[in-house]
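Chemist: OK, TrEMBL features for this one:
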type	residues	note
ACT_SITE	Lys11	active site, charge relay system
ACT_SITE	Thr58	active site, charge relay system
BINDING	Thr58, Asp59, Phe160, Arg177, Val228, Gln229, Asn255	urate binding site
ACT_SITE	His257	active site, charge relay system
Amino acid sequence: MPSLASARYGKDNVRVYKVSKDASTGVQTVTEMTVCCLLEGAIETSYTTADNSVVVATDSIKNTIYIKAKEHPVNPPELYAAHLAQHFLDRYAHISAAHVKVVVHRWTRMTIDGAPHPHSFFRDGQETRNVEATAARGSGISIKSGIVGLTVLKSTGSAFHGFVRDEFTTLAETWDRILSTDVDAGWTWKPFADVAAVENGVERFDRAWEAARNITMKTFANDESASVQNTMYKMCEQILAAEEEIQFANYSLPNKHYFEIDLSWHKGLKNTGKDAEVYAPQSGPNGLIKCEVSR
């Protein structure tokens, strides 16, 4: 006989925008998020016997996302996600776990005539700040933070040689290449007993995000990279060193290739090796390198 092995449901792609207004200065701060919230618990009969009495409507979940954004700060997103996840355990006895994902979209304050504008912003990239929080009955709150979609490139300072060569290998070794990637970085915090523990020392979350972002860019720029693998490991080491409450750090980095173009067929034009200046950016296939580093 079949049985329901696992199930969760909820509301995805809930767009939330919140503005904070300082009446004394006229300065406003904006936050735009996409939120997903999924619930688990004693809900199996809604699947197996069409018993909807155990279902918190996804429309109610959507409304709760908005209400909790009004009632609580949305920055840092880790705190908002913890408040939202814990709400469902406190409100519904049959819900055993709430999984919240928050994606914060970039809005950067404009500088006009050398001064920060009080209420105007621009989007300076598709990078997002991501948070996943799970509140589980009897297990406290687990939080993962991250950076997604930070696109970086350096035109030199990267090599790749000494790799396995066999009958399947056509790739030439190189001591100087372009390195570009879309950064997907994450860090997992030690478990929190409750929302109060998340809120106590809440500045840790912004501090870690800023440190991880700076570590990523500085290491990417300055490291004489022998491989993406070695560079990402160095980044993880530094993130763990930056915050003692972080248990794991991870990266997923696609290697976005830029290939030299041999133009010697046209009047002997030199455009390879040390003479390379014009490249063909590739959309795929691409390398994909991942790692997770623990203490």
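Every residue gets a Cβ built from N, Cα and C, even glycine.
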Chemist: Cα distance, His257 (active site, charge relay system) to Gln229 (urate binding site), nearest Å?
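Modeler: Between the Cα atoms of Gln229 (urate binding site) and His257 (active site, charge relay system), the distance comes to 16 Å.
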Chemist: Closest of the active-site residues to Val228 (urate binding site), Cα to Cα, picking from Lys11, Thr58, His257?
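Modeler: Spatially nearest to Val228 (urate binding site) by Cα position is His257.
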Chemist: Looking at the recorded positions Lys11, Arg177, Asn255, His257, whose Cα is closest in space to that of Thr58 (active site, charge relay system)?
Modeler: Lys11
Chemist: If I take the alpha carbons of Lys11 (active site, charge relay system) and Asp59 (urate binding site), what is the distance between them in whole Å?
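Modeler: Just about 7 Å between their Cα atoms.
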Chemist: Looking at Cβ-Cβ distances, which residues of the chain lie under 8 angstroms from Asp59 (urate binding site) while being 6 or more apart from it?
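Modeler: Result: Lys11.
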Chemist: Looking at Cβ-Cβ distances, which residues of the chain lie under 8 angstroms from Arg177 (urate binding site) while being 6 or more apart from it?
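Modeler: Same-chain residues close to Arg177 (urate binding site) (Cβ under 8 Å, separated by 6 or more) are Thr156, Ser158, Ala159, Phe160, Tyr258.
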Chemist: Just how many other Cβ atoms lie inside 10 Å of the Cβ on Asn255 (urate binding site)?
Modeler: 17
Chemist: 10 Å Cβ neighbour count around Phe160 (urate binding site)?
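Modeler: Other Cβ atoms within 10 Å of Phe160 (urate binding site): 20.
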Chemist: Show which residues of the chain containing His257 (active site, charge relay system), separated from it by at least 6 in sequence, have their CB under 8 Å from its CB.
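Modeler: Result: Pro281, Gln282, Asn286, Gly287.
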Chemist: Count the Cβ atoms, other than its own, that fall within 10 Å of the Cβ of Thr58 (active site, charge relay system), considering every protein chain shown.
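Modeler: Thr58 (active site, charge relay system) is surrounded by 16 other Cβ atoms within 10 Å.
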Chemist: Need one number for the urate-binding residues Thr58, Asp59, Phe160, Arg177, Val228, Gln229, Asn255: the maximum pairwise CA distance in Å, whole number please.
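Modeler: Farthest Cα pair among residues binding urate: 51 Å.
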